[in-house]
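J.: Let me give you the structure first, and then I'll get to my questions.
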């Protein structure tokens, strides 16, 4: 680059030339001075070719001129001094231009570029030239909208035009090598000392890399901001003084503050934390970080006080933000909502402890109830009440615990002051009726009394800040919750200071066993849906424990009942056996007088019949338990069945002088059912009434029609039923008095069998009594037969009670083979059938039977089923395998003590034509044999 000097230096040189020229005197002086001026011109021209002496006016020197030699020497020294100044200043200028990192371009007033440094050449990737402003058109730059620069758009042109500085601006430019970049430059005018404008200077820098770094930083910040917004944790950052400068969306949600509202506020204003245990304020992490300069975490029992005053369990930590020099310039705080985790931890601990406590209770019912209440207080409630559903459907309060002894006494006092009205269902009744929990977040609010059932029912409102939502909306219809609005109940709760309440049912195996009422009296404890979830989990465990304890208690009761039943059974079986065996021995010994023989035989028959009935009741009970009791359904009218039952019990009623009142509505029917079993039910109810009615009492039976039902009612004015036993009157093996001093005999199976038989007919039976000594009423309801079903159902061939004795079929001349391993049974059947005119062959084994068949070809075979060696099934199979000529088609009946429906089916499938259970009446046995032999009359 050619050597240049700045405009002030040039001006100074030209000014010196003018002064020297003015001092010239003689010709010789002018010659010497001319030589000096020429040297100045040369130096000036080397700096600025446009500089010339013509710009300065020369005036003649005065006459008083010093000697030439002296003046010339002074002039020479001045020239040397000026040259030295010029060299020094040019050196400074060259150093400035060469070492400057910024580009520098100087132009004259016409826009001609007269100077540029190496930085300018490097930035533009080449040397710039221009003779005027228009020459700037070869430099390419662009407006923000992409339009190229015109010559007059350059800051140099605008500076020369306006004669004012142009402030720094960014310009998108294209280098001489075709690459693009960004410039940041300004331009200022140059003036001489006397104020004349000499040109302009532009100073600029290549900020391409800086702009790229800024763009990269923006992208990085965008990514960072997006990351902070998308992560699940809340993030707040502050400056070095602890004032907030950033919050992500999660932090806004958890604190309740927006970034705009929180910006420049101190962190302690927005992020206020307290200890869950002590309720005292805690230092925010920013305080600790600013104090110690390290990463700080808060205690795991920290609660965040949100802007609306609600509380949120959090886990948080803070870390410092430092500059490259290590200076603390800010803080970043990260925290998360751990409400669900905290609740889950509490739930696990609490449920684990509850399981342990309930396990320690064992199977003791009362202990389990007490432990259920104690588990809830004070962990999740200040008071707990356990109500249990009794077998009769009534509600009993079996446990009540309060954290405060004084309030527990107040609760007892209020229970007396406000006794439960069974006609006014309380909220707990609604819970038991619906089987759904009831949540009352604000008990101390009259608005609850005015709320609709939907508002007053189970709340699905989650705890503030909780992530937990209800899995499903509980059922909350008006019919279900209509009884929950009881002002008296609310009055009791308010007087106890209750602020919030939950009522949770105890359900196990599809049954609601009771309910737990959990009450909060602390102002800071308000129940929300997550509290209800914990209470329901507790109640699930409690209900199972309670159910197990109740089942154990019931099993114990059943075992006691069975023991009592076995003792009673032993008594009931031994009593008739004593009479039978006693009279039978005396008859055998011949020690009875002739007139006593008849009474002995009657006693034997009566006690044998009683024993047979006991056995039949036991078999029926067994069939009911195993589900093997079957009905022979047909279309029947009830009056004949009831009359047959009345006839069967009339003798017993007459013996006690009991009046039998009968009122039968002939239009109450027909029904579809089993006539034998229905007669058994009516007989059982009548027998029961007569048994428990004193001499001279009254028993009435009434048949009526009621709303599509046939209703049978049996009333008596006898002993009655105590309220405590009424719920169990139809239970098997249960008797109101099972002691050895009880006044009435029986096994306690009759009513249980009657209830089951009625239920098999699609009906119901219930017992009512005013109490001991006030009689009892049993009501049976059976659906009437549908009109369309009447034609499809068969009618009975004859009324119960059998054919008259004179219509019994004759067995005269029939050959009967009797097979039984019991000699007494063979002898009895032989005697009975011989008296009916039959010819009997009695054998003890299957082999003897087959020989007799081959030898005699009997008309009918009677065979026992259970025999040693080969049984009756083997006999019939072997017989049916033979040809008709060998007796393979001889009719046979199974006469056996195996009397179940399965036994009957098996016998018929094996090949028997009939199945006759023992014991059997002589007339029935004769009818069976006659029927098999084809003699029906």
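One-based numbering along the chain as shown.
Cβ atoms here come from the backbone N, Cα and C positions, even for glycine.
All TrEMBL annotations are machine predictions without curation.
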J.: Which stretch, out of 422-451, 452-481, 482-511, is listed as region 'Disordered' by TrEMBL?
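T.: Of 422-451, 452-481, 482-511, TrEMBL gives region 'Disordered' for 452-481.
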J.: Does DSSP give residue 864 (4-aspartylphosphate) helix, strand or coil?
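T.: Residue 864 (4-aspartylphosphate) sits in coil per DSSP, no helix or strand.
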J.: Could you put numbers on the helix, strand and coil content of the domain 'PAC' (298-350), residue by residue per DSSP?
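T.: Helix/strand/coil tally for the domain 'PAC' (298-350): 12 helix, 26 strand, 15 coil.
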J.: If you average the pLDDT over the domain 'Histidine kinase' (568-786), what number do you get?
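T.: Across the domain 'Histidine kinase' (568-786), the average pLDDT comes out at 82.
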J.: Enter the number of other CB atoms within 10 angstroms of the CB of residue 864 (4-aspartylphosphate).
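T.: Residue 864 (4-aspartylphosphate): 23 neighbouring Cβ atoms within 10 Å.
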